[in-house]
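Asker: Mind having a look at this structure? Questions to follow.
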C-alpha cells in the first residue's frame, strides 16, 4: 500500500490541505477561504471555530481528490500563520474571544508603554524579537484584560493559549494534546530562544499565567495521534512549524547563509544562520529556524507586513484588476514606473524600519500617471522592501547572498521576479514545487515517522523551475532605490500617536 504525507497549511486567508508523495510532489490540494473580521481600524480577527471546521473539511476533501484512504497517510504535518492568538476554555473547548491575527495593531499603544519602561531590550535579548504588537504576548494580555471573566478563568487554570498549530492539534486529538513547536513558540515574545523555555520574567511583566501555555517540542516528532472521529483511523501528527520556517525547510535551506523569500499576504525573508543565534543590529528578528535532530537551528528574519496583500487591495478596494494575474500584464504595458512609488504601509511598516505609525502612500504622481504605473509601483514595492531587508541581513550575518530562493503566490509573477533580481543584483530561483510551506511541514512530519530517511534524501527533491538573472544597469538601479527610500520616509510617522 503506497503511503503519503498530509500537510495542513493554515494560512492568513485560507485553510488548505496538500498531500505529497515520496518525491515531494503534490498529489492533491483542497482549499477553503475563511472570513476576515475587521472590528475597528487596524484590528484584524478570525473565528477559530470556522478555521477548525474548514481545516477539517479540506483534509477530507484532499483525500477524496487524491483517491486515497486515511490508512495511506503515514503522518500529518502542520504549518500555520504565526503569532495569531487563540485563547479557549479547556473545559468547554470554546474560544473566549476571536483569534487575534498577527496583522492586528490593537496593542501598539501598550507596546509603547513597555518601550518607555525599557522592556524592549529585555525582550530582544531573551526572545530575539522586536517589541511589537505583531507577536502573541500582548494579544494574550489584551484578551485577559478585556474579555469579561477571562483573567479569573486563566488564574484558575481553565484557559489555554495557543497559536493556530496548537489550536488545530488540540482539536485533532479531541483535547488530549496541548503542544507547540520551537518555531511557533519563538514567535510569542514569551519564549527564551537561548534557554529554550518559557521565560518566567516576561510572563511576570505581562501578567500571563504559565498554566495557559503549551508544552514546547521539536518541529519534527510525534506529538500524538488524531482522534478516530476525524478520519476513522488514528494518524500520527508528526510535524509542526510556523509557515515561514516551514517554507525555509521546504526550500531545503539547511546550511548557514541559505535564504528564501515567501511572497504571501506579507513577504518573509529568512536566512539560516546555523546553530548560532545572530543578534541583529539592523531591525531584523532572530528566530528559531527549526528544532530537529536533537538541536535547534536559528534564522534571521525580515517581516514585511504587506506583500501580496497590496495586490488584493488593487483588486478588491481599488478595483483596478479583476485577478491578481492581470497585474503582470498591466505592469509590462508601461516602460517604467514613471516616477510613481507606492509604499503599502497599511498597517505600519515592518523590517528594517518598524514604524507602527507609518501609513500607505502613493507618491510621485503627475498628470501622466496611469493605472498601469500604480499597478507596477505596487508590484515593485514588494521587491524594494525585500531589497531593504536583504541588505540588513547581509550586514548582520557578514554573509553575502549569492542567490535567493522564492515561493508564495506572487512568485509566479514573472515581472516581479525579474524586477526583484534586478534590484537585488542576485539570481532569483523559483522551484518546481512552489508549495514550499506545506512541503516543509510534510518533510518534518515524514522525517519523524521514517517516511524520509534524512535531509540529504529530501535535498535531492529540490529542483529549479526558472532562474531570473539581474539585467539592470547599476546607475538605474541606484536611482530607483533612492526614490523608494525617499518615499518610505514620507510614509513614516503619519498616524497621530494617542
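For all residues, glycine too, the Cβ spot is worked out from N, Cα and C.
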Asker: Let me know which member of 57, 60, 308 Swiss-Prot also records as binding ADP at the site of 12, 16, 265, 409, 413.
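Answerer: For the ADP site that includes 12, 16, 265, 409, 413, Swiss-Prot also lists 308.
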Asker: Starting from the glycerol binding annotation in Swiss-Prot that includes 82, 83, 243, 244, which of 38, 134, 298 is the extra site residue?
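Answerer: Within the candidate list, Swiss-Prot flags 134.
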Asker: So if I draw a 10 Å sphere around the Cβ of residue 308 (ADP binding site), how many other Cβ atoms end up inside it?
Answerer: 23
Asker: For the binding-site residues 16, 82, which one has its C-beta crowded by the most other C-beta atoms within 10 angstroms?
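Answerer: The largest 10 Å Cβ neighbour count belongs to 82.
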Asker: If we count other C-beta atoms within 10 Å, could you say which of the binding-site residues 14, 244, 265, 413 has the fewest?
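Answerer: Minimum Cβ neighbour count within 10 Å, taken over the binding-site residues 14, 244, 265, 413, occurs at 14.
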Asker: Within 8 Å of the Cβ centroid of the sn-glycerol 3-phosphate site residues 12, 82, 83, 134, 243, which other residues of the same chain have their Cβ?
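Answerer: After dropping the recorded site residues, what remains is 80, 81, 84, 101, 102, 187, 242, 244, 266.
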Asker: Enumerate same-chain residues with a sequence separation of six or more from residue 13 (ATP binding site) and a Cβ-Cβ distance below 8 A; give 'none' if the list is empty.
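Answerer: Listed in sequence order: 33, 34, 36, 265.
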Asker: Rounded to a whole angstrom, what is the C-alpha distance between residue 16 (ADP binding site) and residue 83 (sn-glycerol 3-phosphate binding site)?
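Answerer: Answer for this pair: 18 Å between alpha carbons.
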Asker: Over all pairs in 12, 13, 14, 265, 308, 312, 409, the listed ATP binding residues, work out the largest Cα-Cα distance in Å.
Answerer: 14
Asker: Of 12, 312, the binding-site residues given in the record, which has the fewest other CB atoms within 10 A of its CB?
Answerer: 312
